[in-house]
Amino acid sequence: MTFLRKLALTTALVAGLSAPVAAEDVKFGLLQDFTAVYTFVTGQYNQGQQDYLALANAEGALGDGNTVTAIVRDTGNQPQRGIEAYNRAKEEGAILFDFLSTPVSAAILDQAQADRNVVITPAHGRGDASDGTVFPYVFPMLPTYWAQAAALIEHMKTTGGLEGKKIAIVHIDSPFGREPGPILTALAEQEKFEFQAFPYASPGNEQSAAWSEVRRYRPDYVLIWGAGGGQAVSVRTAIQNGIAPEQIHSVIWLAETDAANVGPQMKGVKRFEATAAGTDHPIIQRIQEKVIDAGKGAGDQANVGNSYYNLGVATMAVAVEAARLGLESGGPLTGETLKAGFEKIAGYDAEGLMPPVTYTAEDHQGGGAGRVSEWDGEKWVPVSEWKASYPDLIRQVIKESAAKYAAEH
Amino acid sequence: MFYRLSGTYHTSYEADRRLWKIPTDRWLVIGLLVLALLAPLYVSPLYLGSYVLPWVIWSAAALSLTLLMGLAGQLHFGFAAVMAIGAYASIHLVRAGIPFEIALLLSGLIAAVIGAVFGGAALRVKGLYLVMATLAMQYLVDWVVVNIPAISGGAHATLRTPAVSFLFLPIESLAARYWLALAWAVLLTVFFMNVKRTSFGRALVAIRDKDFAAAVIGVDPFKTKLMAFFTSSFMGGVTGAVLAFCFYRAVTPEQFGFNVSIQLVAMVLVGGLGSVIGAWLGAGFVLLAPIFLTNLVSGLAAGGWVPVSQNFLSHLPLMIYGAMIIGFLLLEPLGLAKIYDNIRKYFLVWPFRHARS
């Protein structure tokens, strides 16, 4: 069928005719972990993704009657189930994949590259995959953990200065928790602050040992680097140890649920955000109107507009935009043309839901811009503008790490 | 009728000691082996790569563990750590320039030595206390792998397997990877069937049944237990290396976490302790049932049969899966192997009712 379609298309092109192309159904594989480790984010994140795709179809975002379908499967964070789900979705025609799981992404990255399928790793996965020359088919899409650490450090600089200050980084003892290490080392030298790392054991239900050490260190700022249930424990234990909420700065994984778990003490805690929270955005409003109110929502209506929901919406908004641009060049959309579509995106901001992103063949991170927001007791309020922090340093770290990867393989 | 004899009657010790006491069994296994060998020819890449290949590898892992848990009766809740040692050792050895064939053996040896050291420390304890000791091994190995970048492969902790060939066959195509994994699994299967007939195997069984009684009849419990840990860890280490090179091709510490150890124990228990066919059936069930159920439930949902949220949809297969495990174990506490055995015995003498095994 595909062959025939290709043949027909080629003939039409050769003849210089504008042949009517059959409407196409673009398939995205959202093969995520709904049941094991990433449950704190997957439900809302995936709901946002599915709702956005429903909106895109309702509005005909891809034009020419083209539609986009999500293939959603649970992988339970197990690589062997992820591989099965990937192979099956690939056979069903999916050309873009989002696993939202480090072990599954790691096990499939090479295969997907070989198959020329796009893998998006928003807010998870390897930071050096931002180098599109080494990882042509991987799109981290949103600021990497390195860019997030840089943004939080820059925010500390603008609010209270950094010189001679002490920063404690309290992180989960895993490769993810160690990600900001190199950035902090480089920035400590440049900005003349000192920092110390305080790891706690996974999954982080109990962190008192680490925090009593932190109290002895008397930090001026605290960075918390964890995910899921451990984050609320971090904030709570920090406050118990005499750290003011205003001093606490978190990685992207701190959301409304955590605030509810911590309670009123949470007021003043800051976090990095790659997409705006809340329902006060044109896209979210239209989802509410055309998807949720039409009874086509993918889950609990209460989730609409919260941080992870909006994050999911933003990932699919970018992906659909890439598919639209990819389809513009004509012909059935493949992994290759979708990748080209991504690299045509310039200054896209999902109608204000996220900072303008621009992807190039070299930069698959999209610039790395984000901002810091603060919990005001009810919602997240932005306290800085969208911007990329220390972009040269981040670019250099990405480049070095990717070059090391390329040299090893 | 199906087996063309009514019960098993041996007239010589020779016949009683045979591996296949009934010819039909032998033909059945040979037939399955031929089917397995030819699988790349008639199984689609989707099913070969995501069902048959992992099944074969996990069966080898379950066989390795059931030697320790089923034959020697030593509980081990940290077997994924043993496989992790094998996987990481083999990758680093190949990267250091050692030929793959030798690296496989060496990685098995390294896993065996480390496994035996932990086993040795655990020899003074039994039962639940041994479970705790092996759990400690799981967490220690996890910690070491995560915290030493030289092992885990740096900040991102993903280590890709280099391109290798095994006896001049490049382990690159799906079929080649499948055949290597199959060869290892078949080797382990043959080993396991025969080890039960050796003095070592009988010593293991004696230790399992009562270790001081075994000591009374002249089996050295210390040496035998250590040997059990060593052998089983060797098999597990090589299986880990095969898993890394033939299936994942990129390893991260999470692939060998505690939950994987529990899965392995579940394979052995659901399949039937100490049974070859149990290891195969258990691995197949634990590995593939969740996948089949997920696809089934998703298919039903797509057809509009189960109108529920994605979250419930994802948990539904797990609920069915849990119920199936309980169901099987209630129906037959000795595992899937025993269920197979019951069916076989029924047909052995069919249309009559009673069989002596």
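Cβ from N, Cα, C; glycine included.
Feature annotation from TrEMBL assigns transmembrane segment to B:27-47, B:53-72, B:79-98, B:104-123, B:130-155, B:175-195, B:226-250, B:256-278, B:285-306, B:318-337.
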- Query: For the transmembrane segment (B:226-250) and the transmembrane segment (B:104-123), does the number of C-beta pairs under 8 Å, pairs 6 or more apart in sequence, reach 3 or more?
  - Reply: yes
- Spatial neighbours of the transmembrane segment (B:53-72) not adjacent in sequence (6+ beyond its ends, CB under 8 Å) are 36, 79, 83, 174, 177-178, 181-182, 184-185, 188-189, 192, 195-196, 201, 204-205, 207-208, 224-225, 228-229, 231-233, 235-236, 239-240, 242-243, 246-247, 264-265, 267-268, 271-276, 278-280, 282-284, 286-288
- Which one of these stretches, B:79-98, B:175-195, B:285-306, has the most C-beta pairs shorter than 8 Å to the transmembrane segment (B:104-123)? B:79-98
- Task: Mark yes when the transmembrane segment (B:79-98) and the transmembrane segment (B:130-155) have three or more Cβ pairs under 8 Å (sequence separation 6 or more) and no when they do not.
- Result: yes
- Message: At a Cβ cut-off of 8 Å, and with pairs 6 or more apart in sequence only, do we get at least 3 pairs between the transmembrane segment (B:27-47) and the transmembrane segment (B:256-278), yes or no?
- Response: no
- Task: Tally Cβ pairs under 8 Å between the transmembrane segment (B:175-195) and each listed stretch (B:79-98, B:256-278, B:285-306), then give the stretch with the top tally.
- Result: B:256-278
- Query: Sequence-remote contacts (6 or more beyond its ends) of the transmembrane segment (B:285-306), Cβ cut-off under 8 Å?
  - Reply: 50-51, 54-55, 58, 263, 266-267, 270-271, 313-314, 316-318, 320-321, 324, 328, 336
- Query: Other than its close neighbours in sequence, what residues sit by the transmembrane segment (B:79-98), given a CB gap under 8 Å and a spacing of at least six beyond its ends?
  - Reply: 61, 64-65, 104, 106-108, 110-111, 114-115, 134, 137-138, 140-142, 145, 151-152, 159, 161-162, 164, 232-233, 236-241, 243-245, 251, 253, 255-258, 260-261, 264-265
